[in-house]
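Trainee: Before we start, here is the structure in question, set down as structure tokens.
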Amino acid sequence: MKNVNPTHTLAWKALEDHFAVMKDTEMKTLFSQDPSRFNTFSRTFSDQILVDFSKNRITQETLDKLQALAKECDVAGAIKSMFSGEKINCTEDRAVLHTALRNRSNTPVMVDGKDVMPEVNAVLHKMKVFSERVISGEWKGYTGKAITDVVNIGIGGSDLGPYMVTEALRPYKNHLTMHFVSNVDGTHIAETLKKCDPETTLFLIASKTFTTQETMTNAHSARDWFLSAAKESAFVAKHFVALSTNSAEVEKFGIDTANMFEFWDWVGGRYSLWSAIGLSIVLSIGYDNFEQLLSGAHAMDNHFRTTEAENNIPMILALIGIWYNNFFGTETEAILPYDQYMHRFAAYFQQGNMESNGKYIDRDGNKVSYQTGPIIWGEPGTNGQHAFYQLIHQGTKLIPCDFIAPAISHNPLSDHHAKLMSNFFAQTEALAFGKTREQVDAEFASAGKDPATMGYVAPFKVFEGNRPTNSILLKEITPYSLGALIAMYEHKIFVQGVIFNIFTFDQWGVELGKQLANRILPELKGKESVNSHDSSTNNLINRYKAWR
């Protein structure tokens, strides 16, 4: 990968000049000038996903200049480097190959001269065999009963991805009840175990190192709870499996290493749902549906890897994001799925984006002089409309939004879905085109109210519009289309990281807090006052000790 400061490129300078022209351009003008604007600024993936980016403050010239930026930053070269197994995660000296986990073509993928695909396929086969035994009831607990509940214990990428996908694909789930425990707060594991029976519960301990503090604290509490009923430590092997690479620690815990599902250091946590970390997904929806999830992602990988920039959906979305982040000065992006099953999608990509591109040091080790990753947030529609859309419509912040919805609902009750979708379509129209003072006055007149006497209210009913959105319409949320959608966002994040000239696949920002917590933990014992920190931290710790 080439290290290029984007602000030193000719394309960046051209974009700054172009922004001076575009900053006050209104979308309603762009639409009136081009009746076929939708056709120009939309793309369809595999007859499954329509991406409409026409409601953005862009012209073809904008996209051309953004694509010139991608070319100067050698995004195409970076894509080749990632897919070919080069160690592009330089600070950890690792390849970045979550794409190999879903490589349905089985073409060789080389890391250090070795094809990783045989190992990938072996773990997938192991997941298939194990999941079929559990789902069928062949796998028995210590009293001979079949498993009814599965508890995934992990944190970060070992939790967010599997939880998001199992929720998004609930229409495909089987009889097993899934639970996810992540927080080291004892409430999380305690409340989960209240719903479970030790005779019929299977625990998945998801930790690459098997030393993650939060995960292992919860795992030991789960084991204690289990043994309080089962008594015999030998029974742990029937109720606990490991998603890990540390066989020594797994064995010490009491898990049979035959029930350890491996993954590799070239799989980043926030990109790991495609690996053994996805075992909870397989147990929830079955292996065939998991394969469809992989296939959808693989299809998007192929699109991303082989499609020219002007038709490359992740590339287009990434460049539009940079346009707002680095030229309009927006600080956040909202992800707004109009599908209740997708209620964890924004949280998943909050980690996916912010942990990947929340960096202020570039690939040369220098502090950047430009904005990098945006703040990501969002909630399902229509709930958000009655919560925070007020600020999106009439606030002083410009917030680009992704609206996501399926054309076909898994629950076609009465006219629920039509009402949901009418809101989906209405919101992007309202954000783009707004409502003028003239329209407000006309509404007063048609309601028999005198606009002159109602004038004091009128300013509050005006919507400026010109708020940018992408509309992402799926035919239906299936394992295949969800896989493609997730991969689309993953590659968008990657492209932005390349252009920002940062390392997208490490996460050193999580380390300092963990180190300090390990130092503070022993200080919380006993009653003696603590004075080894700053005055704020000392007094917070001492008040905690006094009150507990």
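Backbone N, Cα and C atoms are what each Cβ position is placed from, and that goes for glycine too.
Given the structure is predicted, the values throughout are model-derived calculations rather than measurements.
According to Swiss-Prot, the protein carries these features:
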ACT_SITE  E355  active site, proton donor
ACT_SITE  H386  active site
ACT_SITE  K514  active site
Trainee: Far apart in sequence but close in space: which same-chain residues, 6 or more away, have a Cβ under 8 Å from K514 (active site)?
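Mentor: K514 (active site) has long-range Cβ partners Q213.
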Trainee: Validating a neighbour-count step here. Other CB atoms within 10 A of the CB of H386 (active site): how many?
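Mentor: H386 (active site) is surrounded by 9 other Cβ atoms within 10 Å.
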Trainee: With an 8 Å cut-off on Cβ-Cβ distance and a minimum sequence separation of at least 6, pull the same-chain contacts of the residue listed as 'active site, proton donor', or say none.
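Mentor: The answer is G156, R270, Q507, G509, V510.
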